[in-house]
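**Q** Below, the features straight out of TrEMBL:
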type     : residues                                                                    : note
ACT_SITE : H157                                                                        : active site, proton donor/acceptor
ACT_SITE : K161                                                                        : active site, proton donor
BINDING  : G10, A11, A12, G13, R14, M15, D36, G100, T101, T102, S125, G126, N127, F128 : NAD(+) binding site
BINDING  : R37                                                                         : NADP(+) binding site
BINDING  : H158, G167, T168                                                            : (S)-2,3,4,5-tetrahydrodipicolinate binding site
DOMAIN   : 5-128                                                                       : domain 'Dihydrodipicolinate reductase N-terminal'
DOMAIN   : 131-266                                                                     : domain 'Dihydrodipicolinate reductase C-terminal'
Amino acid sequence: MSQLKVVVAGAAGRMGAANIRAITEHPDTVLHAALDRDGSEAIGQDAGTLAGLPACGISITSDAEKALAEADAVIDFTTPGASVMLSKLTSGRKLVHVIGTTGCSIDDDAEIAAAAEAGARIVKSGNFSLGVNMLAALVRQAAAALEDYDIEVLEMHHSRKVDAPSGTALLLGKAAAAGRDVDLEERSVRVRDGHVGPREAGSIGFATLRGGTVVGEHSVILAGPHERIELTHRAEDRGIFANGAVKAALWAAGKDNGLYSMADVLGL
Ligand SMILES: NC(=O)C1=CN([C@@H]2O[C@H](COP(=O)(O)OP(=O)(O)OC[C@H]3O[C@@H](n4cnc5c(N)ncnc54)[C@H](OP(=O)(O)O)[C@@H]3O)[C@@H](O)[C@H]2O)C=CC1
Ligand SMILES: O=C(O)C1=N[C@H](C(=O)O)C[C@H](O)C1
C-alpha cells in the first residue's frame, strides 16, 4: 500500500507540531504539505524543524490550493473559520479531512456537514484520544444507569486555550445526554453566576478552569444522595490526539464521503 499523503493545517500551532511528528513516525503516512495562516511568522520555515524534527524540505505555506494539490488527506487543528473554509476545498477534491478544531458554532457545523455530504470524507471530534472516547462510552452507560444523579462536567486546560467549554467537555456532555435520552442543548447549564437558585433536576452542568500548561483534564461527576462518582481523563501529551488523528485519516481513506466521529473510527 502506498503511503497516505497528508497535509497539516495549523502546522505552526501546538497541535500542528504534534501532527507533523505523528505523520512522520507512522509507516503508512507521509507529510505532503504544511499550511498555516497568511501573515504568520512561520510561513517559509521548514515544517520538520518547527516540529522539533530534522529538516524535511517542506516549507510552511499559506496557499491552501497549492498545499492540497495531489494530497490524500488534511489533518486540521486550526480555527472554526479555517476549518469551514478547508472543508469546502476538501469537499471539491473528495479528500479525507480530519477536523480537531473546537469552538465551532451550529452554523459552522452545518457547513462542515454540507461539505461532507457534497464529497469530503470528514472525521470530526472534540477529542481524538482513545482514552476520552472510551470515557464517553462509560459516561453514557453511567448516566443511563444512575438516572437521578446530578451530572457536572469539569475541565481544565492551559492558559492559551480560546474556547469554552472545551470540545471534549461538550462531547462528554453529549454522551451523558444520550445516556438519558435527552437533548444536551435543552439541558445544559454552561455558566452559573449570582443568585441562580437551586440546581434544576436533570440539568447537565459545565465548569471551566484555565491556567498554566495543562494539556487537558476532564471529569464527569455523577452526584447522588450521600455518594459521588467521578470519571476522569488526564491528557499528558498532545501525541495522544495526533496519533488518533492519523488513525482517523487512515481509516477514512477507505470510506465513502460523509461525516464520521472518532467513535466510528474506534468502533465504540
Ligand atoms: N480534537 C482534539 O483532539 C483536539 C483539539 N484541539 C483543538 O485544535 C485547535 C488548535 O489547537 P492548538 O494547536 O492548541 O492551537 P494553536 O493556536 O497553537 O494552533 C492553531 C494554528 O492554526 C493556525 N491558523 C489560524 N488560521 C489559519 C488558517 N486560516 N489556515 C491555516 N492555519 C491557520 C494558527 O496560526 P496563528 O497562531 O498565527 O493564528 C496556529 O498556528 C483548537 O480548536 C483546539 O481546541 C486541540 C487538541 C486536541
Ligand atoms: O485546546 C486544547 O488544548 C484542547 N482542546 C480540545 C478540547 O477543546 O477539548 C481537546 C484537548 O482537551 C486539548
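Glycine residues also receive a Cβ, built from the backbone N, Cα and C atoms like all the rest.
Keep in mind that this is a model prediction, so the values were computed, not measured.
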**Q** Counting other CB atoms within 10 A of each CB, which of the binding-site residues T101, S125, N127, T168 comes out lowest?
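**A** Result for the binding-site residues T101, S125, N127, T168: minimum number of other Cβ atoms within 10 Å at T101.
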**Q** Which ones are near T168 ((S)-2,3,4,5-tetrahydrodipicolinate binding site): of the recorded positions G10, A12, R37, H157, K161, which have a Cα within 10 Å?
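**A** Checking each Cα against T168 ((S)-2,3,4,5-tetrahydrodipicolinate binding site), there are no hits.
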**Q** List the same-chain residues at least 6 positions away in sequence whose Cβ sits under 8 Å from the Cβ of G10 (NAD(+) binding site), in sequence order, or say none.
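**A** G10 (NAD(+) binding site) has long-range Cβ partners G16, L35, D36, D76, F77, T78, T79, A82.
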**Q** When a 10 Å sphere is centred on the Cβ of K161 (active site, proton donor), how many other Cβ atoms does it contain?
**A** 18
**Q** Taking the recorded (S)-2,3,4,5-tetrahydrodipicolinate site as H158, G167, T168, identify the other residues of that chain whose CB atom sits within 8 Å of the mean position of the site's CB atoms, giving them in sequence order.
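**A** Not counting the recorded site residues, we get T102, G126, N127, E155, H157, K161, D163, S166, A169, G216, H218.
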**Q** Going by C-alpha distance, which of the binding-site residues R37, T101, S125 is nearest to H157 (active site, proton donor/acceptor)?
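**A** Nearest in space to H157 (active site, proton donor/acceptor), counting only the binding-site residues, is T101.
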